[in-house]
């Protein structure tokens, strides 16, 4: 039979250490469902799930108990415990005997041993109660350990414990049926439960264990405890059609069943950086992970739903080789995934759950392990029973074969079915009539008994006992009369049947069995059945008559004895009367009166006795009459016995004739079966030859197809013998070139070469496939890099949380101590409470950040498998041979390039390490020189001498703190890093000191931004071209003076200073323009996608650009939506992609606060806050239900940042950022009423806020009163895409998707004028002190100046 592998999940309780360190529970179980929830909403469904408080007994009864019962039926079983180190696998399996545990905490193996031996005793006891042969059981055990890919025997008492590293002599073999067995292993015969427990304990204590940072007693090897069960029992025989002859007994046939039960305690998967293993422990951990990796590959191959994995790598590890039967073989397998509930072990828990989830799809082929003889006998017996049943159906006419060879049911069978229904109806009627006859018989008995009582009453006074006796006699007589009539009718039918059998001619030995053989056998069996039935009926009737006769004889003897006793009593009474009268006559006091009185008394007694005598005599007469009838019954009985004897003789003759006929037919069938077997053998041989020929043909076709493809793809086709015509194809997949063909070349030779268009099509398809693979590889790399970053984030956050939890515990203890010692000290308590609250807030924020990381990892994991395999497998499977060669060539070149890059990086690292060591040596020598100089000065300065002493003791010497590395260096590409990646998880760490102050100098900005930048040719640079003449009406509020051209795609964002202009475009570049010279300074390329926002920080001189989910600080730094990444992973790609990195939100806009210390990035439905000094996130602004599309920052009177955000949820929200902000920050105000569509742009000036929306309207808000002042529903005919203020004037600029620019009066919100700025949508507006800049989808940035009528007094 086929069965799925059953995975189960067990969540261990949290350890006290984890609770102290503040670990949260990240797992839960769905009530009533076998489902584990990891994180917030990621669910894993298994066959069984056990929560934190589940006892060992429930786990055993739910999962393993049925497997032990299956072993008694000959089925193999396996229980695997898998999970990370310290997840409770050894505790679950019950192999930890180093400490004393109670009986309730016994694991699976001790409970299974107890169940096994109790089952053996129960089956022996049941066999004794049934009176059958007691089954014999033989139990043996093996205990293996897989340590560093070497199999060790834990039962081998002669094994040296120090010889673990030597090569083992244990070998793994596979028998003809595919089962795995081992040689050189100690197998111990077990006779009792205690002996097996002792063997288990001995082997468990011999197992290799060691201590790591995650587990005090960690298993360093995989352990497999195997129980072999062999039983010999009486086989259950199927009911055959033909029964055994009378008087013969069925012979008991035995069957031998074997089963093996593997209990596998896998060593825990572990990460070396968490376990802290080194040396021998590290080698053990690597070996453990290699074995588990091989096991995972086997599970993945077996559980592959697409069936693409043809080969299952069992031989990659000895662990998978030993468990080959358990994984996809002949075994019922339960896999228990032991997991930790703590969020510290989130990644290990996720990997364990995914590991077990893949095991659900494994299908095992489970069969009964029976010895070949018993198995063959059982199969033959079942086949005989089936064939006999079929034969009987054919003989009985139930099945017939039509002319076309199809089987069906005959009309006789249909008629028989109808007759059976009618027979059932008649049976019901007979039953009803029998009940009526019984009622009539009881009525007749009652009447006859009344008549007899009346006759007795006339003869005397009557007696109730005699009347009851008469009634019983009459009832019995009526019943016998009824049965006699039935037997006479049955006897008549049997006599006719016997005469028919005797008149039938005997079977001739010389007669060849023809078509009438089946009918003859049917008649024989029918007659035999009739005879058997009639004999049984007659025998029952004879038994009843004999019993009745015995009862009558008994009653006769009883009444005769009673009559004799009564007569003797009468005679004694008469004698006594005479004696008393005689004595009275001789007495002196004799009187006549006394004599008469005594005489009357005796006469009365005699009269009563005479009356009883008469009744008994009447009963005697009735009994005599019955005895006369009994003689008739005896004659009938003798007659019936004679008939039964004749029937038995006929039955014996009939059975003898049937046995002879069966023997003859068996010989005939044996001969036919031999002929059929010979024909089948010949047919199988022919079929095998046909399959072999077909396989050979397929192989030849494959070879021919491959050769044909090679010939077609070769540069020189062998079909063409023209030496002057050559065709070559470059490795880059370009179309092959062909030399000029001379005129004397035959035309038939030229036609054999492929056409040029076909070669171009081939090379183009190959290039497209290579580009698709390249994109997929890049996506996979980016996704895995993101997962690695998130894992590192979580680890850092967890370590920080542990530190904060310990600090919080210390503060709580300090507060308790302070409250106990000086309760009146309120100031100290208040300070402690504030510190504890700050720590609690930090811990809460860290927990939220951990939860965000976990949710992001879960989202990435959901798409990981299809991202890794789907498109790549489709592309590779669709490649031809030539295309595969081209892809292989490209892969080879890419591998060489990457290897060269790695070698160069390693050489740079070694060089830098050497420089660092040299710097350390130089610094140390300089420190010594300084100390020597200070010692000379210290002779006259005691304070300096004390300071030098402290320095030498290492108490106060500290190197100066330098600024953050991302500030050091000049130029776009000149920033270097020696620190690891910085991410959002660094919240709460001690920040580095601020960078050294440098003078603001635009020239310095130019020099920094232009150094080390590949400029390209002057022809590729953009220019700011002046616009000649007035292109707009004189009434227009703005005048275009210049146009910046140079982008190849729409310009999406702009920012400007008085001398510099920055623009970002869809061409994935950011350009810098010199407004003085009108020339492009530099083009910053390498963004992963569109540059949607750009900001220049005047305080630090840095430029921030936004593309997809990254904020790029030009140089070797990118800020992701959740992390800071050193290096530019996107600079090397030239393939354009629309999708953002998996798990990261698209950043829509960024903004800097006026002080230049904070950066706010709108990603998703929140805004993340970055502290630029440390380049670390310190919190986020939440509250929107839709993506935040725009934001702007102002400063309040208290020098706090005021952030205004606009979202797709139609709302504008306000946030006030204080100095001590940490974690999630909610809005301080929600502006009502909302827009009718998403917010596209915001502009703030003083206490006035303007918001533009996709509903074509603009609203004016009062920030102080926090209310709506004015609104213009249809300010433009299309989306309002940008808002800005005219420099130096109370004028508002608005631009729409239709290319129109409008000017509004800020005070009364009335239109001043409008102008057609661009023919394409305007995407952004910015201003400096002199000009207005508009970025449009027409690839240009226009520079505008205001008209004179706008230049009134300010």
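Each Cβ is built from the backbone N, Cα and C atoms, and glycine gets one as well.
Feature region 'Disordered', per TrEMBL, maps to range 724-748 of the set 699-723, 724-748, 749-773. Looking at 323-357, 463-497, 883-917, the stretch flagged in TrEMBL as coiled coil turns out to be 463-497. When pLDDT values are averaged over the repeat 'WD' (1044-1083), the model yields 90. Taking each of the binding-site residues 83, 86, 88 in turn and counting other Cβ atoms within 10 Å of its Cβ gives the largest count for 83. Per-class residue totals from DSSP over the repeat 'WD' (1044-1083), listed helix then strand then coil: 0 helix, 24 strand, 16 coil. Sequence-distant contacts of the repeat 'WD' (1232-1271) (same chain, at least 6 residues past either end, Cβ-Cβ under 8 Å): 1186, 1189-1192, 1194, 1202, 1204-1212, 1214, 1277-1285, 1290, 1292, 1294, 1296, 1304, 1306, 1309.
When the repeat 'WD' (1315-1345) is classified with DSSP, helix, strand and coil residues number 0 helix, 19 strand, 12 coil. Broken down by DSSP into helix, strand and coil, the repeat 'WD' (1232-1271) contains 0 helix, 23 strand, 17 coil. Its own atom aside, the Cβ of residue 90 (ATP binding site) has 27 Cβ atoms within 10 angstroms in the protein chains shown.
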